[in-house]
Amino acid sequence: MSFGSPGGRSVNIKPKPPERGSFPLDHDGECKFIISSYLQCLKKGGGVNDETCRKLAKSYLSCRMDHNLMAPECFENLGLVFDEDKKKREEASASTTAASESKKPST
């Protein structure tokens with residue numbers, strides 16, 4: 001009795017890389033304290049990923065990016081933008097716009 005494809009041939013299946021590139025393990029435990037805090041937060045919340053836990057996830061990913069364990073990525077693309085982040089971005093763009101308008105020569 002043979003198993004597999006007809007004719008008894010073995011089929012080679014090539015593994016596919018992750019969609020966003022490699023995600024190396026944190027062997028040195030550089031970000032371990034943050035991920036343990038995140039997991040405790042999830043446990044306290046009964047598995048609900050509320051804003052407090054999401055902020056911990058953001059700091060974990062930021063730590064991974066800082067230690068070159070993950071390619072730098074905009075948090076907006078990762079779905080980790082919060083109200084205070086939006087306010088800071090709006091204030092920064094408003095001050096940049098005001099500064100550029102003050103530099104314009106008046107006619």
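Yeah, the Cβs are placed from backbone N, Cα and C, and that goes for glycine too.
Straight from Swiss-Prot, the features:
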{"type": "REGION", "residues": "1-22", "note": "region 'Disordered'"}
{"type": "DOMAIN", "residues": "28-71", "note": "domain 'CHCH'"}
{"type": "MOTIF", "residues": "31-41", "note": "motif 'Cx9C motif 1'"}
{"type": "DISULFID", "residues": "Cys31-Cys63", "note": "disulfide bond"}
{"type": "DISULFID", "residues": "Cys41-Cys53", "note": "disulfide bond"}
{"type": "MOTIF", "residues": "53-63", "note": "motif 'Cx9C motif 2'"}
{"type": "REGION", "residues": "87-107", "note": "region 'Disordered'"}
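On the 0 to 100 pLDDT scale, the motif 'Cx9C motif 2' (53-63) averages 93 in the predicted structure. For Cys31 (disulfide bond), the Cβ neighbour count at a 10 Å cut-off comes to 21, with all displayed protein chains included.
Neighbour count (other Cβ atoms within 10 Å of the Cβ, all protein chains): 20 for Cys53 (disulfide bond).
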